[in-house]
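To keep things clear, I will list the structure first and then write my remarks on it.
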């Protein structure tokens, strides 16, 4: 029936309109909090893995040494990490990152209990990025020294020492592997923090 149309008794009819009600507001799915909890637990587990990698790398590098006897009496060749400042920087940086990861464990536990925390997670993500940069810089510098120890440099007339100091080179190489593995874990930690913050934005 159109507006203004007259009905049988001669009176105009009034237009009728259908009311449109907005759809009811549905609560957010419970799966969101479950995903945040999984991300927080993964963050905590990865921190333990990174602690093991950095601690193992620092200990392996700081305790490595090898002495070669020489034909002449009282003459020995000894190789230690402290002979090279780059390797000393590697040990210090790995120790600092390991200490930071240990101190960050309480905050990670809080995120498991309260997955919705934002400010502490943002601070942790920033510090994780700083520690990642420090660990990557020290490991990259140490990797250059380890490469020279294995291959030497023909242009600089440097000879490799790993044919003589086999045990020393094996330990510092294993230390680098653990350090780069910890760096990969830190990348994963930064990604998890960014993902959690993006979900809460």
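Just so you know, glycine gets a Cβ as well, placed from its N, Cα and C.
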Topological domain name match (Swiss-Prot): residue 157 vs residue 199, membrane: no
Beyond the flanks of the transmembrane segment (87-107) by 6 or more, those residues with Cβ under 8 Å of it: 44, 47-48, 50-51, 54-55, 57-58, 61-62, 81, 120, 124, 127-128, 131, 134-135, 137-139, 141-142, 145, 172, 175, 179, 182, 186
Average pLDDT across the topological domain 'Cytoplasmic' (108-128), rounded to a whole number: 87
Other parts of the chain folded back onto the transmembrane segment (35-55), taken as Cβ under 8 Å at six or more residues beyond its ends: 94-95, 97-98, 101-102, 104-105, 108-109, 111-112, 115-116, 135, 178-179, 181-182, 185-186, 188-189, 192-193, 195-196, 199-200
